[in-house]
Amino acid sequence: MSLQGHKKRVLVALIALPLLVFLVVKLPPYFFLALLTAVCAVGMWEFLKMYKTCSFWIGFGIFSSVIIFLLNCFYPQFALHYYATAFAVITIIRLIAKKDPQYALSEISPVMIGLLYIPALLAFQWFLREHGWQWIIYLYAVVWSADSFAYYIGKGLGKKKLYPEVSPKKTWAGAYGSLMGGIIASLLFGNFLLSKPFVKLLIAGFLIGFISIFGDLVESMFKRDAQVKDSSFLFPEHGGVLDKIDSMLFAGVLLYFFMKLM
């Protein structure tokens, strides 16, 4: 990345982070839910555009993702019902809309995968918020620290590739950096925000740093398959929404269940 690109990256972060902290900490919880809903819609749009899905399925996918996300947030006990219904509706629409069965699976698969990937995982951030804004700030701080350590350590010291078939630029040094960043941020922010025992924060930081690597690689797998570099170009030098939340999606799920044990 050029120096100019790096400056843009830092500038976007300096503008976005204070706004996000204000929204999470100072405003009522439903403002955060509104933000997550918007993230869900934009993320679904990026995912379906990435796979060059037709405009009808993009619109249907965005609408369905928002509905399923909100239902998951308020009535998570019926999550399986939502996805079974979505699958039935999507397949019936495809059956009626096109008499030719060829490419049916390739047309409906991005929509179903997107519904499982984005609203299902994103809902766990709302579950965390219901237990206090501290959990959200902690999650974001640890994941962003893990990602930043991975980026800069990988860029400075990385030589041996981690998984070149999926992400040619990611290195083992970057992976170790993710673990380091996760642990450091967990101990710092966890002690301040959560007041949990040292050992539990240490384990949580390690696990979040670890799962963040996989969250990043999963999105890289999708982008590699779709032959795109970034999910979109909404944020200068940062890519799209999915590029910013890829690690967060998986880390939010892990932290929610780990929270139950803490």
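Yeah, the Cβs are placed from backbone N, Cα and C, and that goes for glycine too.
Positions annotated as transmembrane segment by TrEMBL: 9-25 (among others).
Residues or ranges marked as transmembrane segment in TrEMBL: 55-74 (among others).
Residues or ranges marked as transmembrane segment by TrEMBL: 80-97 (among others). Taking Cβ pairs closer than 8 Å, the transmembrane segment (80-97) reaches residues 56, 60, 64, 68, 71-72, 104, 107-108, 111-112, 115-116, 120 in its own chain, all 6 or more past its ends.
Tertiary proximity for the transmembrane segment (109-127) is limited to same-chain residues at least six positions away from its ends with a CB under 8 Å from its CB atoms, namely 32-33, 36, 39-40, 43-44, 47-48, 51, 53, 57, 60-61, 64-66, 68-69, 72-73, 76, 79, 83, 86-87, 90, 136, 139, 242, 245, 248-250, 252-253, 255-256. The feature transmembrane segment is assigned by TrEMBL to 109-127 (among others).
Residues or ranges marked as transmembrane segment in TrEMBL: 133-153 (among others). Packing against the transmembrane segment (133-153) from elsewhere in the chain are residues 20-21, 24-25, 29, 32, 125, 170, 173-182, 184-186, 189-190, 193-194, 204-205, 208-209, 212-213, 216, 247-248, 251-252, 255, 259: each is 6 or more residues past its ends and has a CB under 8 Å from a CB in it.
Outside the transmembrane segment (173-192), and at least 6 residues removed from its termini, the chain residues within Cβ reach (under 8 Å) are 137-138, 141-160, 162, 198, 201-202, 204-210, 212-213. Annotated transmembrane segment per TrEMBL: 173-192 (among others), in sequence order.
Outside the transmembrane segment (198-218), and at least 6 residues removed from its termini, the chain residues within Cβ reach (under 8 Å) are 139, 142-143, 146-147, 150, 162-163, 166-167, 170, 175, 178-187, 190-191, 246-251, 254-255, 258, 262. Here TrEMBL flags 198-218 (among others) as transmembrane segment.
Counting residues 6+ beyond its ends, the transmembrane segment (55-74) has Cβ neighbours under 8 Å at 33, 36-37, 40-41, 43-45, 47-49, 82-83, 86, 90, 93, 97, 107-108, 110-111, 114-115, 118-120, 122-123, 126-127 in the same chain.
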